Amino acid sequence: MAGAAGPGAGPAAAGGDGDDSLYPIAVLIDELRNEDVQLRLNSIKKLSTIALALGVERTRTELLPFLTDTIYDEDEVLLALAEQLGNFTGLVGGPDFAHCLLPPLESLATVEETVVRDKAVESLRQISQEHTPIALEAHFVPLVKRLASGDWFTSRTSACGLFSVCYPRASNAVKAEIRQHFRSLCSDDTPMVRRAAASKLGEFAKVLELASVKSEIVPLFTNLASDEQDSVRLLAVEACVSIAQLLSQDDLEALVMPTLRQAAEDKSWRVRYMVADKFSELQKAVGPKITLNDLIPAFQNLLKDCEAEVRAAAAHKVKELCENLPIEGRETTIMNQILPYIKELVSDTNQHVKSALASVIMGLSTILGKENTIEHLLPLFLAQLKDECPEVRLNIISNLDCVNEVIGIRQLSQSLLPAIVELAEDAKWRVRLAIIEYMPLLASQLGVEFFDEKLNSLCMAWLVDHVYAIREAATNNLMKLVQKFGTEWAQNTIVPKVLVMANDPNYLHRMTTLFCINALSETCGQEITTKQMLPIVLKMAGDQVANVRFNVAKSLQKIGPILDTNALQGEVKPVLQKLGQDEDMDVKYFAQEAISVVAQRLRKLDFPVKDSEVPRAPGAEKNHFLRPRVPGEDTGKGPTYRLHVNTRDTLVQLEIAELVHFSQSRD
């Protein structure tokens, strides 16, 4: 657009009557032809403002011709322009003048950049709905014909997306022409055009008359499904779903199924993958009879395909296929025709195939019932729980609720425990994190006795993991377990073990104690918090590491609302006042914040508080942004925490080295 003549002649033209209020509009118009791409982009994004200022007449006669003539620009500018023009109908005078928007969009639909063309086609489809039938035939259909017969493949690919929106409202004579143009594009010499036609074949079929679907669309589908380019053939499979929904069972069997059978055995794995990926939609489209006769054998072949990607795609569809089978005879069909192939996939050589199967196989238990699950599926579940791939074991564990509904989880418990232990100790921290997230579900299904005996120690071990994200997740996990098992269980089982960590030589573990107290205090209630947790927090106020001390202040602020007046006034406030005089700036800052919260709490409880008892640290507000990121605020991705200790000491240097590793590395 740089250097081109815009609508009007600059600021003076936009403000022709000298009105200063139009000057910003004049600036936007000038920016349309500025050499700076960013300025042109900003102006294009405010095109509706320019159009409003110019009025509908000048927008049609000056702005749109200018935009059409200067269509050669950076792709991001053209993309913004294509998007803006789709909502421009009201700015050019309404539906009667919608055709004025077609020339710039037609130019945009022929550019080389795919994203711009797609956005232009999207806007054209939107504008087509605002044309009257007469205007559609007078202006829009000729545009589609020009694009469809363009010299460059770019215009022909864009045309493919416009046939379905103009066909329903066209006259019969024009409809015949539209179908002819679409047929030409389906047999175009350029593969990109055939791909575009194949991708829109199903959409176009939906707006055609049934007779035209049978006589014209089905032959096009057959040709595209046997195209020399596999990228065209796989798109034809997608169109098959839409076409199948339009035809009767007899027509399906005669016209579509031979081509679909051929696609399921195509020499290209990408085509077979598409069949597997669209299998559920195909199954619903063709109906139960053809599914049993044709699709089940095809599915069996896909489950034992030579390519792992195809087997994995088919494995993902096992549950959906079984659910969509006719209820009458479903169990027999699954047991005789599907299950033997599933058993082979359980020991597949590819981990992605096994993982895909593990994500859905548990769902079969609700379909097959208790007896079949115990006899046939349970051995498969147990085998997958022992699989060497952690993703397989994880997918089984994450879907245990399906089996629990049918047979109860006790049947799996003996094999479940070793699998959980292995995942809990996996070298990859993300695997450990995933199993922690499923622990509350497992706990509710296994019961408190089994959990205490087998899994409690695992949950506590996670609290001292070397990765912060694991320690954080383990803390949240304890809170969820207490919500499930109750405060009495927490008081007897969890709280004592957490409080012991307050004496751990590693300051990171001592801080984890504080995080656990923060998480558990609300769930456990006032009595347990006051009697068991508060004394430990107060004791840790004298810790030698400043990070621990300011986390004590934060913990007292967190649990303050739960405590009664006597504890706040007699125990919490003196400790916070002492921390408020700490030599460390950060400890002092967090102590002042906590004192303010405690004071507000005491006022609400009608306990007298002197203003002098709520001191503010000098420079606290000013230095707020200097505070280090601390655990609980950040998940370990930020800068390392600052230790206020003598770094010449060898032991402390080792601790700092460990901290740097924990903050910068996940594994």
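Yeah, the Cβs are placed from backbone N, Cα and C, and that goes for glycine too.
Unlike curated records, TrEMBL annotations are generated automatically.
Positions annotated as compositional bias 'Basic and acidic residues' by TrEMBL: 614-636. What TrEMBL records for 245-476 is domain 'TOG'. According to TrEMBL, the feature region 'Disordered' maps to 614-640. The repeat 'HEAT' annotation in TrEMBL covers 24-62, 101-139, 178-216, 217-255, 256-294, 295-333, 338-376, 377-415, 416-454, 494-532, 533-571, 572-607.
With a cut-off of 8 Å between Cβ atoms, the residues of this chain six or more beyond the repeat 'HEAT' (178-216) that come close are 141, 144-145, 148-149, 153, 156-161, 163-164, 166-168, 170, 223-224, 227, 229, 231-232, 235-236, 238-243, 246-247, 251, 255. Tertiary neighbourhood of the repeat 'HEAT' (256-294): same-chain residues 218, 221-222, 225-226, 230-231, 233-234, 236-238, 240-241, 243-245, 247, 249, 301-302, 305-307, 309-310, 313-314, 317, 320-321, 324-326, 333, selected by CB-CB distance under 8 Å and a gap of 6+ residues from either end. The average pLDDT computed over the repeat 'HEAT' (338-376) stands at 90. Here the repeat 'HEAT' (338-376) has, by DSSP, the following mix of helix, strand and coil residues: 33 helix, 0 strand, 6 coil.
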